[in-house]
Amino acid sequence: MDKMKKPKINWLLIVIVGIIAALLITVLVLLFSPKTQPKSFDYLLKHFEEAAKSTTDDIYFETIKINSLDNTIGVIFRNGAMREEYFVAASAAQANFLTSGNVEVREILQLANVQAYIQSIKTLNGTISWFTFMNKFLAQHPGYDASKAGLFGQHIVQENGFITFIKAIWFPALIAIIIFLGYKAQSRAASGGIFNPGKNQAVIVKTDKKFTDIAGNKEPIEEVQELVDYLKNPKKYAAAGARFPKGILLGGPPGTGKTLLAKATAGEANVPFFFISASSFVELYVGLGAKRVREMFKEARKLAPAIIFIDELDAVGRSRGSGIGGGNDEREQTLNQILVEMDGINENAGILIMGATNRTDVLDPALLRPGRFDRIITVGLPDIKEREEILKLHSKGKRLSKEIKFDKIAKRTPGYSGAQLENVINEASLLSVREKTDVIISTQIDEAIDRVMAGPAKKSRVISQEELKAVAYHEAGHAVVGLKVKGGNKVQKITIIPRGNAGGYNLMTPEEEKYNASKKELLATIASYMGGRAAEMIIYGKENISTGASDDISRATKIARKMVTEWGMSALGPIKYEEDTENPFLGRDYSKGTFGSKMAHEIDLEIRKIISASEEIAIKAIEQNLELLELIKDSLLENETIVAEEIEYIEKNMKLPPNNEKIKPDGESKKVNIEDLINQVNESQEKDKQKNAQIKEDLSKMDKKDNLTKAKDKGEEETLAEKAE
């Protein structure tokens, strides 16, 4: 998002330019200033001697300045109409001699007259203080002009080194100070600063995102589009007597596009769009959050119609005075102020408040009522069709192989959010660069899916052949149960390459995506999770089962517990014993259930029954298909990774799929790729469907023929009966 108020200023660049400008000005001043010639210290003493010997006011020193920082002596010497300006690079002792003098000479001057002093020049040349001599000369010749007292127009001045340094740097320092003060003023204007901490933290943003940049989420987009249209054409809705909605809350899992939808709203609305994170309200000072809320709504009212978008609303919107930690006065004050501003005494005509959160369930009820957030829209995880659209959107501008089919990728990514799907495409792009391929190929897409789900493969991990074989049996067990138990999860991909903390990895998806599941389907799903453990028990015995089923058991137990405590699918009856409270620190009660220890024991028994029954289903399915188990295991040991099409080929033909290199009788090699294998399986399935349809049609014809025969026989019997009568 780009700030609309002010463009971003590169202060570092400005400071550098300012310093360069100051240095350039200093160089120019030095370049065009009058030039002074360097002279020796003896040359200066010679002029001192000439001035001392002169009996008129024509020879004198107009100025002598001694810089104690570098011991340079600046001199302006007058000899009649001639004016000579020069400087002397003196030593520290020479400069000190001119300003401090010689104790012996000063004593002579106190006792002798000027002539004696002049005589001393000849005998003590270079050892006297001419400054002291000037004072003595003026004291003995009061009639001389003070400005031209035979020697000096001014006293010798010893400049302070610090003052000299300040004179050299004052201009660059002034520029730097001005720039610094401007930067601090701009910072205070943006964030309130120490002198105005309660200043509005929301920024007016402008973005080029549109609703066309969002794939999936059609219902949320329609809801938001209506509000944007209201802001653009309020008269149309006013004529119908419609009230402008005050707020819209976007909820749902992380990564589903809530903030992206807000960006698109900003791009479409063409009205001031205030963006702020809820965590920006509460900071150091008491009452700061409430003040910032007031300032934000005050500015929004001035620019109405406008939209205020508060991201991560649960940071300040959680239920008041609840949870383990109790209430938080500062957060609750901020929430109270938001409630008042959204629906209080002050009117908010033309202001739409949008909020986004992952936890709508922990928000305060007063925040969710109509009149504040009139609409609560759930931006959920995309279904298979929406996943395909999202993948196509994020693939724009990327070079993809023609073999890649987005519908198959969507089928292999159930439960993925939009952010995860974008990450899949990005990971595949990075793999393409790493492997130096011109285009993104299907194997890179498969690897990207695995990386997003379970992390990168640990190919360097050393695993014994026996352990690898056990992992292959475990993963093959999942595949067999998925194929043979109706309603269970189907394995889309299996690998025995370690990922994360797991020795192997399998991707299981339901036969079709459904919003509701029957008890039979849930039991089949649990059975598919227990397929790995069942295979271990059959092959190695109950005493040699491994820890590889840890995650499977966890998932199976979670489903079984919900069947008992939430969905009423057990002998305990249709009673809800537990609430879904995974994190009590988000404003929930700590206790998950309202039942005693006896009921908890009964719940555990029912969960055990469900899992045990499902495990028996898995064991039975594998025992009846041991040959299929062995074939899938062999394929895994040979290839390390297999996909759903290869598993279906093995089930259909009860043999391993052809290798990538198949030798012809004449010795030439023929490549059989995975796409050909998939087509073979699909063609076989299509033929089976046609065959089954033909059988059904034949059976239907036979039934019709039998019915006609029966009707004919019945009619003849009725005719005979009539004749008999």
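Placement of Cβ uses the backbone N, Cα and C atoms for every residue, glycine included.
Residues belonging to the topological domain 'Cytoplasmic' (1-11) score a mean pLDDT of 50 in the model. Among the features that Swiss-Prot reports, topological domain 'Cytoplasmic' is placed at 1-11 (among others), with the record citing sequence analysis.
Among the features that Swiss-Prot reports, transmembrane segment is placed at 12-32 (among others).
The topological domain 'Extracellular' feature in Swiss-Prot is assigned to 33-160.
Per Swiss-Prot, the feature transmembrane segment maps to 161-181 (among others).
According to Swiss-Prot, the feature topological domain 'Cytoplasmic' maps to 182-725 (among others).
Among the features that Swiss-Prot reports, ATP binding site is placed at GLY252, PRO253, PRO254, GLY255, THR256, GLY257, LYS258, THR259, with the record citing sequence analysis. Of all the Cβ atoms in the protein chains shown, 25 others lie within 10 Å of the Cβ of LYS258 (ATP binding site).
Residues or ranges marked as active site in Swiss-Prot: GLU475. DSSP assigns GLU475 (active site) to a helix in the three-state reduction. Around the Cβ of GLU475 (active site), the same chain contributes ILE494, THR495, ILE496, GLY504, ASN506, GLY532, ILE632, LEU636, each under 8 angstroms and 6 or more positions distant in sequence.
Swiss-Prot lists 680-725 with the feature region 'Disordered'.
Residues or ranges marked as compositional bias 'Basic and acidic residues' in Swiss-Prot: 684-725.
By neighbour count, meaning other C-beta atoms within 10 Å, the densest spot among the binding-site residues GLY252, PRO253, PRO254 is GLY252. Other Cβ atoms within 10 Å of the Cβ of GLY255 (ATP binding site) number 19 in total over all chains.
The binding-site residues listed here are THR256, THR259; among them, THR256 has the most other Cβ atoms within 10 Å of its own Cβ. Spatially close to GLY257 (ATP binding site) yet at least six residues away along the chain are ILE214, GLY216, ASN217, VAL379, GLY418, ALA419, judged by Cβ distances under 8 angstroms.
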